Amino acid sequence: MMKLSVSFLLLLMLLPFITGEENSDSDVLKSGAAVRQGRGRCRGFREDCSQHRDCCGDLCCNGNTCVITVIACPKW
């Protein structure tokens, strides 16, 4: 049971690197909290944004609003 728990925690820590999500070192240390360094909290669905990194998780900024998309956000 202990090995399973350790494996699960390791997977959670490595997931952002596997998915290609960009994080600074200090963001990774915040244990998955939805906080962006220097900009406060990330924006949720249908909240205002100016760029993709303003939005939480897999949400994309489209027309200054965080939305769910079928494909990944462009990296610009």
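Every residue, even glycine, has its Cβ placed from backbone N, Cα and C.
Feature annotation from Swiss-Prot assigns disulfide bond to C42-C56 (among others); the stated evidence is similarity to another entry. DSSP gives C56 (disulfide bond) a coil state; it is part of no helix or strand.
Taking a C-beta cut-off of under 8 Å and a sequence gap of six or more, C61 (disulfide bond) has these contacts in its own chain: C49, S50, Q51, H52, D54, C55, V67, C73. Residues or ranges marked as disulfide bond in Swiss-Prot (evidence: similarity to another entry): C49-C61 (among others).
Feature annotation from Swiss-Prot assigns disulfide bond to C55-C66 (among others); the stated evidence is similarity to another entry. A 10 Å cutoff on Cβ-Cβ distances gives C55 (disulfide bond) a total of 24 other Cβ atoms nearby, all chains included.
Counting Cβ atoms from all protein chains shown, C60 (disulfide bond) has 17 others lying within 10 Å of its own Cβ. Under the heading disulfide bond, Swiss-Prot lists C60-C73 (among others).
Residues or ranges marked as signal peptide in Swiss-Prot: 1-20.
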Original post:
Taking the Cα atoms as reference points, how far is C42 (disulfide bond) from C60 (disulfide bond) in Å?
Top reply: 12
Subject >> Lowest local Cβ density (other Cβ within 10 Å) among disulfide-bonded residues: C49, C66, C73 >> reply: C73
Original post:
Judged by the number of other CB atoms within 10 angstroms, which among C42, C56 is the least packed of the disulfide-bonded residues?
Top reply: C56
